[in-house]
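Below is one structure; the comments refer to it alone.
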Amino acid sequence: MKELLIATKNKGKAEEFKVFFERYGIIAKSLLDLQEDLPDIEETGETFEENAALKSEGIAKILNIPVLADDSGLVIDALGGKPGIYSARYAGEPKDDKKNIEKVLRELGDLPVEKRTARFVCVLSLSIPGNSTIYKKGTCEGVIGFEEKGIHGFGYDPIFIPEGYNQTLAELGPDEKNKISHRANAIKQLEEWIQNQQ
Ligand SMILES: O=P(O)(O)OP(=O)(O)OP(=O)(O)OC[C@H]1O[C@@H](n2cnc3c(O)ncnc32)[C@H](O)[C@@H]1O
Ligand SMILES: [Mg+2]
């Protein structure tokens, strides 16, 4: 069975990647699985693509192996696209999912549902030493709820209601989330790209 390293320290993402790649017979390892603690990569880019590349190229250079990175976030129309690339640390350091959710709910206040439109975005970058980095993007449309609901997933899942559903991703749980998520859509495109290479 082949292995692929995912340049993430986010437990929630790492878990989702393990499930996705199992289907292709690939073991997805994250930075949390490595013995050595690699340096934290500063996400100083201005786009999801730039930040993803900083992570995948940075780690691929250190270890000289193929590395996949995921830069993702929640884009809320009524907030002019925020938190966007700043999703992980929207309420400041250290990163805190609960505080981030509270900040978003506070900022949206009692704005009606038709004005609470948002999308999750996931940009994957695959860096193979000696090759140029390739990018695949996936999105998931939805609305921001009025309160936190559900126990599954991570990040903003308890307040994100995907289009066509009336429950949050945190209520729907991993099986349903992994069918429709931004990450699932990006991985589908990566799969097509990988198949076209063979
Ligand atoms: O950089 P790595 O180590 O991968 O971990 P991170 O959590 O810092 O990841 P990002 O820089 O890509 O920031 C993404 C943030 O967007 C949010 N997010 C991304 N995907 C999500 C998902 O599937 N469900 C809920 N929130 C998500 C969540 O708050 C993440 O912390
Ligand atoms: Mg990050």
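Positions of Cβ are set from backbone N, Cα and C atoms, glycine also.
Among the features that TrEMBL reports, active site, proton acceptor is placed at Asp71. Using a 10 Å Cβ-Cβ cutoff, Asp71 (active site, proton acceptor) registers 27 neighbours. In three-state terms derived from DSSP, Asp71 (active site, proton acceptor) belongs to an extended strand segment.
Here the Cβ of His182 (substrate binding site) has 24 other Cβ atoms within 10 Å, regardless of which shown protein chain they belong to. Positions annotated as substrate binding site by TrEMBL: Thr8, Lys9, Asn10, Lys11, Gly12, Lys13, Ser72, Phe154, Gly155, Tyr156, Asp157, Lys177, His182, Arg183.
The annotation Mg(2+) binding site is assigned in TrEMBL to Glu42, Asp71.
A separation of roughly 23 Å, to the nearest angstrom, links the Cα atoms of His182 (substrate binding site) and Glu42 (Mg(2+) binding site). Classification of Gly155 (substrate binding site) by DSSP places it in coil, neither helical nor stranded. Residue environment of Gly12 (substrate binding site) contains 15 other Cβ atoms, counted within 10 Å of its Cβ in all protein chains.
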